Amino acid sequence: MTSGGDMFTHSFIHSFFSFSGETRLNKEKILQGQGVDEPLSDAGHVQAAAAGRFLSRVVFTHAFSSDLTRTKQTIHGILQESKFCRQLTVKYDLRLRERKYGIAEGRALSELRAMAKAAGEQCPAFTPTGGETLAQVKTRGKDFFESLCQLIGDEAASRGPAPPSAPSQRLETLLAEVSPPGQSDRWDSNSQPAGPGLAASVLVVTHGAYMRNLFDYFLTDLKCSLPPALGKFELTSVSPNTGISVFLVSCEEGRRPALQCVCMNLVEHLHEAPDTA
């Protein structure tokens, strides 16, 4: 990979992906896609705040979100709980929007399944009239991720080698604190970069179907390595609301990014969230 101006040689990125908090329509199993811009429910705001407390000691250098209301509110709720990043500027990117479901938006998920059955297809591969194919969503995700790596590489080249990671950026302690007994194999404990320091910690808040397609790109195209107890099913499943997934990304000049999945769809932070139903 090359960058404008000076070349960068090696950059490490911690990427934190979170699915938006719950909306009323999530609860009712109504498809929102891009055309139904529903705000978070009370439960969704509680989930976002809980995710923020879980991530409160991570020093984020960049924050990205879909421009839809539910993700905007989620990333705001996360950053409001941060000890270091409450004033961090969020960049809203249309490439992070949910999959477009065309004529199925605003209708029950059961109706989408009925449409697929009538067409002789199955969800999620079925594309309603006016919707996006899975390949189109994956292309959007690939484009965003490549531009993110390019951005971090350009910034790393301009400032020189990164210092060693600060304690607040280390994940082992954070994950151990919320780990249920006997479940430490749900993430890769060897997740810290060796050699150069961390170039960036990036928070990305997006949507469930979008994340499933992006993570499929990580697994099938970039050959992302997985923690011992994590398989392809978990990597391609839809995340729970505010589920947190973390990847260590190694960007080296002239090579495609190398990815290591640290953890997938963590929801331990939700155990502290009171039931608002």
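Just so you know, glycine gets a Cβ as well, placed from its N, Cα and C.
Every protein chain shown contributes to the tally, and the Cβ of ARG99 (substrate binding site) ends up with 24 other Cβ atoms within 10 Å. The feature substrate binding site is assigned by TrEMBL to ARG70, GLU98, ARG99, LYS100, TYR101.
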For the substrate site (ARG70, GLU98, ARG99, LYS100, TYR101), what does the 8 A shell look like? I mean other same-chain residues with CB within 8 A of the CB centroid.
LEU31, GLN32, GLY33, GLN34, GLY35, ARG97, GLU105, HIS207, ALA209, TYR210
Mind computing the max CA-CA distance among ARG70, GLU98, ARG99, LYS100, TYR101, which the record assigns to substrate binding, rounded to whole Å?
17
Residue among the binding-site residues ARG70, LYS100 whose Cβ has the most other Cβ atoms within 10 Å
ARG70
